[in-house]
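*Asks:* Look at Swiss-Prot and you will find 27-54 tagged as repeat 'ANK 1'. Summarising the annotation, Swiss-Prot assigns repeat 'ANK 2' to 55-84. The repeat 'ANK 3' annotation in Swiss-Prot covers 88-117. Taken from Swiss-Prot, the feature phosphoserine covers Ser175, Ser186, Ser431, Ser561, Ser662, Ser1060, Ser1221, Ser1357, Ser1358, Ser1412, Ser1449. Per Swiss-Prot, domain 'Protein kinase' is recorded for 199-512. Annotation source Swiss-Prot lists region 'Disordered' at 700-720, 852-906, 947-977, 992-1012, 1035-1062, 1261-1282, 1300-1418. What Swiss-Prot records for 889-897 is motif 'D-box'. Taken from Swiss-Prot, the feature compositional bias 'Basic and acidic residues' covers 992-1011, 1383-1397, 1404-1413.
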Amino acid sequence: MSRGAPFPVPCPVLLGTFTDDSLEAQLHEYAKQGNCVKLKKILKKGVCVDAVNTQGQSALFVAALLGHVKLVDVLVDYGSDPNHRCFDGSTPVHAAAFSGNQWILSKLLTAGGDLRLHDEKGRNPQAWALTAGKDRSTQMVEFMQRCTSHMKAIIQGFSYDLLKKIDSPQRLIGSPPWFGSLIQGSPNSSPNRQLKPGIISAQNIYSFGFGKFYLTSGMQLTYPGSLPVIGEKEVVQADDEPTFSFFSGPYMVMTNLVWNRSRVTVKELNLPTRPHCSRLRLADLLIAEQEHSSNLRHPNLLQLMAVCLSRDLEKIRLVYERITVGTLFSVLHERRSQFPVLHMEVIVHLLLQVADALIYLHSRGFIHRSLSSYAVHIVSAGEARLTNLEYLTESQDSGAHRNVTRMPLPTQLYNWAAPEVVLQKAATVKSDIYSFSVIIQEILTDSIPWNGLDGSLVKETIALGNYLEADVRLPEPYYDIVKSGIHAKQKNRTMNLQDIRYILKNDLKEFIGAQKTQPTESPRGQSYEPHPDVNICLGLTSEYQKDPPDLDIKELKEMGSQPHSPTDHSFLTVKPTLAPQTLDSSLSAQKPDNANVPSPPAACLAEEVRSPTASQDSLCSFEINEIYSGCLTLGTDKEEECLGTAASPEGDRPNQGDELPSLEEELDKMERELHCFCEEDKSISEVDTDLLFEDDDWQSDSLGSLNLPEPTREAKGKTSSWSKTDEYVSKCVLNLKISQVMMQQSAEWLRKLEQEVEELEWAQKELDSQCSSLRDASLKFANAKFQPAVGPPSLAYLPPVMQLPGLKQPENGGTWLTLARSPGNEREFQEGHFSKKPEKLSACGWKPFTQVSEESRGDCSELNNQLPTLRGPGKQSTGEQLPSTQEARESLEKNTNQNSRSMASVSSEIYATKSRNNEDNGEAHLKWRLAVKEMAEKAVSGQLLLPPWNPQSSAPFESKVENESTPLPRPPIRGPESTEWQHILEYQRENDEPKGNTKFGKMDNSDCDKNKHSRWTGLQRFTGIRYPFFRNHEQPEQNEASQASCDTSVGTEKFYSTSSPIGDDFERFQDSFAQRQGYVEENFQIREIFEKNAEILTKPQFQAIQCAEDKQDETLGETPKELKEKNTSLTDIQDLSSITYDQDGYFKETSYKTPKLKHAPTSASTPLSPESISSAASHYEDCLENTTFHVKRGSTFCWNGQEAMRTLSAKFTTVRERAKSLESLLASSKSLPAKLTDSKRLCMLSETGSSNVSAAFVTSTHATKRKSLPRELAEATSQQHLDELPPPAQELLDEIEQLKQQQVSSLASHENTARDLSVTNKDKKHLEEQETNSSKDSSFLSSREIQDLEDTERAHSSLDEDLERFLQSPEENTALLDPTKGSTREKKNKDQDVVEQKRKKKESIKPERRESDSSLGTLEEDELKPCFWKRLGWSEPSRIIVLDQSDLSD
């Protein structure tokens, strides 16, 4: 086992590693260790001998660097590449030179190692040897010099015996003899062995560090591939031709020279005199191209003829076949003036040849990678060759790509390179397809890809995700090729080279067929007549280049050139006039229409060049080429015809005379039409006025040249008749082409302008019609009157609409929104406004519309305002966090003080209107009284039936259910502490099909529920909504706030307006006030108010309609018991009467200090007798007067609102309103079970028309955790009322201790129950499943619900006498929460009430229920104890219900 010597100096590179334990990793490990035996075993297993590590280093590089001689021999024998490039460009030859071991370097040189290669820093192996230290580098440098000297001697013509004696670098190791004495080398390298010249074999191939070569039979030193190696003196400049050089890429230059009397083109590196060291690496490109060109043979690849080495062997030049024209890039962009006409069949023929060369490369496993117009060389007329193979990569069997130079593509070629090549990723066959497609676009549009953008900018653009696109000006078959070929992703480049070649070949056949049948015409307006002389199609003769009349061709070419052409600036200065010159007959025969071109057209063309317009840019150069080539062919045909009839020119003149007037007439007609079209185009729009003026001037200049043949006709003796005709025809063709392009552009402009005008007119009409419909609707709404109720309600009963007269419009003018509600509106609104845009407009029916003020009518961006979120106080707008309880309470009281005065000002007007509407029919009153009496009797006997909660049982709406689709559920808005539901009011429509496409802010439409039960989810989420309606008022306003109780959170009711433009908003309002037959409309109006960033909504709440299409789900936080409580409330009795209040009643502000219950009990065991009702009426009048409405303004909505708020409140004139108050009283007096209370919701809202009772709600520490009540709320509320209640009795404190012991055992069950009742996403899904199961049997009661109902009935039985007492002593109850009334009376009344309630509850509780619900029963009893919560400071589970009524004396 050989060991490498340690490095005395730092190594130029770091050795790479492996991240896994593969065979390749073991190979490198054994190479480091120098273990030859194990290395052979690994190689015999078939591992890749050139496997690389993380630095791109092969095992041979590692072994050579560490000086393992035996391992180097083994790896070379197994075929390892001595010129393998690492990631830094170094090779094993560099490593061997650094190691200082001459035997290792000689072995690598014999295997083909090259001493001329450089790393990325420009260092060759000799430079690496010098870095190893003087002791080790001296002998190594001398060895490399001996190899160089020996190679020079062989090239300079030393005798064959010299190569015969020293045939291997190993013979040069040690003290070098001067080509005489020999040093014994390898036993296999015998100097006496016989060489067989002319036979290429392993023994006849030599290598001394300058490439492998062999001797031919003529004793010619030849590289493999039979490439002669010549000296630099053998290639010289020809005497009969000028020097001609051109660039063949960013670093290479090609020069036409002569070698051995053969005209060749020599390619060499173009470097400055003193290049930077990194530039020295570019010399490797020629070596790589030499290697590839010597191994590849194809007719369309540029043929490499010889390799020229300099005397010092530092420079290398490649000798290729003669290139006559140059690169395609130079023809298209650098010397285009010399080649004004490129025939289409020539272009296609060139592209076919390039495609064939690429197909050959791909078949050999090579990828060009640097294909561009620089790589395409036009060697002769119509003959192209592909070259520039220095960046060629080879695909190996393993799938990897071998890059000889490992040099990145230069930035100058990024304009043609595929995105993966630019980003230095692996190139594939489709990378060459991309570059070939770019060349097709370049040659047909005369524009450099990426508009000549710098390569570095191209890379940045591609990195940002921008890619090259196909030019729309390309002809049809080529546009498809380019569009598919230059796609950014390789997988989308579906067209391969064989397909492209097939399309090009068929297109070329069509060209040739069109040329034979119609020599003067073609599908593209150009001639394809073959020219025997290449000068006609490529303009190569010197006479053609020196011809002054050719300037007009240059000018014609410049008209169509692209603005980014690199040579545009050189053609902008041309002479305005050209003097007529006498041309040779040969030139006249070739260019007949150039001989007699008058000076005015040239001046006209020069003027056009000096003032280009947008229309000129549209004329690309290949279109001008087609036009002009057609003129050339036409002139040639005319010349031949003229020469054929030269014997009788007299007979030919009449035909010419007839032809000229006809041409003049056609041209005059075309001129008039163009001028008329331009004048018409100018009158359409003023947007493109300047551009049209420029186009019109350009047309005038172009057409002005058509009138110039007048002096030509006068000078008939100077010109022949055929030249005049040809002049007319050429001008006609040119102007016709220009006119066609301008016509197309003008037509496109006209079409766009007409569309814009139509859109504006349509929008104006829609705006006018919708404004008129809005005014008509307002008049209809103002005159709408509804009759009072005439009978008891049914399940489908709808309360009538109340209207308020005399309310003025807002100051901003027209920013109120009027909405209507009818059966099924929630479902229709869900279906219509969560679905697609309406396909037709409804003639009648309610449609949402956005408020539009006159100032912002035209601004559609401001029409996306949403209706204000209807919230209770204490809740911020969507997305905002809950404020602190102290801030919420202060804001609530502040809003109450601000609004109480405005409410009182409106109350008398409301009452007067309502009293006028109470003149009911006597028969109707009789029916109502009978119904009330019957209902009361049922209530007394306990037989008052529960209305079914499932609206599907309602018969009147079954037909409507069939025609309506399933609505979408309301998406929740999740706050920090509670989950709020958005409630959307729907608008009544005449037809049942969904209308309108309304986009709602912050709405999620993805959770569409396709089940039928989801129709009711929306309404059930209206948390305690009531609908009192007002009649005969012009502008009813809807001011809604959500009710909240200790068991449910504040329901967030959010009204969304459409986010569509103004047209869509107004069209949904057309005929929106039409009434639906069989139903009564309910009208609401949302008013926007601004007041200290608070959303203030006065609240006559909505009464939930118990019908099939209107009823929807309550909030998910409500339990089944609460659902039943709503359905079994006293609203059935409330709807059955019409008893008025006194007119002198008024409203008075009352501050609520405790959260309220918002639902009435399920049933009442104590019915209301006529006496109790009449006695309660006076109390409730003052209760309603003292009601205040606490609303909060959402800060996220900014409407054109008014500064002051109009507070709308009403005195309810029926038993329905009084019963509603009773309902809230019962709900306040009832002690709900703790497990059904969801204290997570914030409950600090007031309720209008329901009750003025404020419930102080207290929970213990355990109850707070169980119910998720925010502790801040509890502390804030307790501190507020801490000093208002008397101290607790001693007996209550004793019972508290007993209560604590009972709660220990029942705490776990309560926590589980509260957790089940929390509003979570899992609960939402569970509730929806329950709704689905109950939609068939119309039942939603489970075993838990039955138990809850029993608890509720038991609670109601204890409140009978309390209710009567509360109704008879409102003053005392009011004083309970009024701190100004004195604490003595408050303490007395509360102590008496609590003792009485406690006694009655103990008697009513059943013995068997006491054991199972001991903790709950204790809670119900202790919560009514007067003052124990004050001492405990909310630390114990308790709940005090304080009943508050207005003072009648006030």
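The backbone N, Cα and C atoms fix where each Cβ goes, glycine too.
So where do these features actually land, and what's packed around them?
*Replies:* For the repeat 'ANK 1' (27-54), DSSP puts the residue distribution at 16 helix, 0 strand, 12 coil.
Note on the repeat 'ANK 2' (55-84): residues 2-5, 11, 13-16, 27-28, 31-32, 34, 36, 39-40, 43, 49, 90-93, 95-96, 98-101, 103-104, 107-109, 111-114, 117, 404 of its chain, located 6 or more positions outside it, place their CB under 8 angstroms from a CB of the stretch.
Helix, strand and coil content of the repeat 'ANK 3' (88-117), in residues and according to DSSP, is 17 helix, 0 strand, 13 coil.
Across the domain 'Protein kinase' (199-512), the model assigns an average pLDDT of 88.
Listed in sequence order, Ile367, Arg369, Ala417, Ala418, Glu420, Val421, Gln490 are the same-chain residues at least 6 apart in sequence whose CB falls under 8 Å from the CB of Ser431 (phosphoserine). Annotation note: Ser431 (phosphoserine) sits in a helical segment as assigned by DSSP.
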*Asks:* Under the DSSP assignment, what numbers of helix, strand and coil residues are found in the repeat 'ANK 2' (55-84)?
*Replies:* 17 helix, 0 strand, 13 coil
*Asks:* How about long-range neighbours of the repeat 'ANK 3' (88-117): same chain, 6 or more residues beyond its ends, C-beta under 8 Å?
*Replies:* 4, 11-13, 55-56, 58, 60-62, 64-67, 69, 72-73, 76, 80-82, 123-126, 128-129, 131-132, 136-137, 139-140, 143-144, 147-148, 168-170, 172-174, 185, 207-212, 281, 283-284, 287, 313-314, 406-407
